[in-house]
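Data block below; observations after.
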Amino acid sequence: MAYALQQLINGVALGMIYGLIAVGYTMVYGIIGMINFAHGDIFMVGAFISLISFVLIAMGGWTAGPGAILLVLLVSMAVTALYGWSVERVAYRPLRGSFRLAPLISAIGMSIVLQNYVQVAQGARVKPIESLVTGSVELWHGNGFAVSISTMQAMIIVVTLLVLAIFTWLVTRTSLGRAMRACEQDRKMAGLLGIDTDRTISITFVIGAALASVAGTMYLLRYGVIDFYIGFLAGVKAFTAAVLGGIGSLPGAVLGGLLIGLIETFWSAYFSVQYKDVATFAILVITLIFMPTGLLGRAEVEKV
Amino acid sequence: MTQMLRLENVTTAYGAVEALKGVSVHVDPGEIVTLIGANGAGKSTLLMTIFGSPRARTGRVVFEGRDITGMPMHEIARAGIAQSPEGRRIFPRMSVRENLLMGAQSFGVDPAPGLEQAFTLFPRLKEREAQRGGTLSGGEQQMLAIARALMSKPRLLLLDEPSLGLAPLVVRQIFTAIRTLNRETGLTVLLVEQNANQALRLAHRGYVLVNGRITMGDTGAALLARPEVRDAYLGTH
């Protein structure tokens, strides 16, 4: 029981990271109907920008504390957002109106470009960072097993919830969010109503990249090592999360992320670590067989 | 008199298929002009060509003296033209209120008077204010599409078949609303209709579009009186 509870905490903390990345996939899919395969690499870029920011701050002699982490988060969000914007501008916008597969192939190309760019600019070796957030709180002690939540895990959960709350408010309550939803539901009509749809799509990429960069910062702090290749597997997992939750659905992306995190953690804890990815993807396949639109995806029923 | 909207010899095509073959029409300020024609004549294409989608291959579209032919769609809207398009295109997963707000938000206008006008014009929308657009009936969606187009306080309103599939009572209500708006606010209207009888009675002037070409243009009453119009679009009496 205590052991399971511990896994639940571990799984939620991991799932939050997947969820943050998954939101970017699902948003872009919703608005322009393409899978942005470079999104995992945007997450990786976010992690690297966080690392560089931490190093710069340390060089400036500021000892790491909550203030430093907040600053890194903001810097990383801003710079990564710029990357997200550029990717859309360079690789996808010129292909709008082209055949459906074109931006998809362009996305794969962009993913390779980003990986190689970081590999060349930062080196191929794994980059470590010392633990900045340490300590943990023991929540419960039972049967000789202590259930605890580390400060890091608590931070991941709190920061993610906060970011998602702001994001939800943005999408559901502001005119910008309304414009984004309008473009998702009927882009041409949005244009007829004076919405600059290209700009709205750009903003979608900017927001998706900023969320992925938060995930990147959290990943860096949690695991302490990053390299140019982390975006691939994290991207595939987050994409899986988005599909599991129902691609196009924002709550679905977060739910999918949490489920993937939990499945992975519980499988590793009770069965074999080696097969955790097999378990994750097997559950995805089974879910899609019985619910082709994902857990919260909608079947397209509209009155004409 | 300066024309509000002018299409000069406009040609549009979908791939190799020409939908408009050199169309010239104009709308003067304060007018209701109707465009009648059979299914597939190119009526909806003409309205969408004004918004540049599809873009005119040849010819020009001029609005208030300004050539808008190559302009991006959102800038054409912001120039003062609104459209209630074919198929109504209500945002299905937004509430009625949000659909209406969408009509105003890119124009820097206060949405409050627009909402009030919409609810006065179509009280039904007030009752449905919080309901999702996709769950409305066809008539309610039509009212919403027109009300949404009016939210930006356009100088020119393009209406694509507002009577399509609606009960006669609702059609009358919508046509009355158009006439009221035209008389009281001076709104200029370009109305595309298959329901030629009512459209020609409402409009000051009309054009007949056949296979992408304008074949007749005259006052509404004059067109109504022409035997060839009566035979083709009104049913013989």
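Quick reminder: no glycine exception, Cβ is built from N, Cα and C everywhere.
All annotation found in TrEMBL is predicted automatically rather than curated by experts.
Under the heading transmembrane segment, TrEMBL lists A:12-35 (among others).
Counting same-chain residues at least six beyond the ends of the transmembrane segment (A:42-62), those with a Cβ under 8 angstroms from any Cβ of the stretch are 21, 24, 68, 71-73, 75-77, 79-80, 83-84, 87, 114-115, 118, 122, 127, 129, 132, 208-209, 212-217, 219-221, 226, 228-231, 234-235, 238. As annotated by TrEMBL, transmembrane segment applies to A:42-62 (among others).
Here TrEMBL flags A:68-87 (among others) as transmembrane segment.
Residues annotated as transmembrane segment in TrEMBL: A:99-118 (among others). Residues 32-38, 40-42, 44-45, 48, 83, 87, 90-92, 228-229, 231-232, 235 of the same chain sit 6 or more residues outside the transmembrane segment (A:99-118) yet have a Cβ under 8 Å from a Cβ within it.
TrEMBL lists A:145-171 (among others) with the feature transmembrane segment.
As annotated by TrEMBL, transmembrane segment applies to A:201-222 (among others). Sequence-distant neighbours of the transmembrane segment (A:201-222) (same chain, 6+ residues past either end, Cβ-Cβ under 8 Å): 13, 16-18, 20-21, 23-25, 27-28, 31-32, 36, 39, 42-51, 54, 69, 72-73, 76-81, 83-85, 87-89, 93, 129, 132-133, 152-153, 155-156, 159-160, 163, 167, 170, 176, 180, 183, 230, 234.
Under 8 Å from some Cβ of the transmembrane segment (A:279-297) lie the Cβ atoms of residues 237, 240, 243-249, 251-252, 255-256, 259-260, 263-264, 267, 271, all in the same chain and six or more residues away from its ends. According to TrEMBL, the feature transmembrane segment maps to A:279-297 (among others).
Here the transmembrane segment (A:12-35) has Cβ contacts under 8 Å with residues 42-43, 92, 96, 100, 103-104, 107, 152-153, 156-157, 160-161, 163-164, 167, 180, 183-184, 187, 200-201, 204-205, 207-209, 211-212, 214-215, 218-219, 222, 234-235, 237-239, 241-242, 245, 247-250, 252-262, 264-265 of the same chain, all six or more residues outside its ends. Residues of the same chain lying 6 or more positions beyond the ends of the transmembrane segment (A:68-87) and with a Cβ under 8 Å from any Cβ of it are 36, 38, 42, 45-46, 49-50, 53-54, 57, 62, 110, 114, 132-133, 155, 159, 202, 205-210, 212-214, 216-217, 221.
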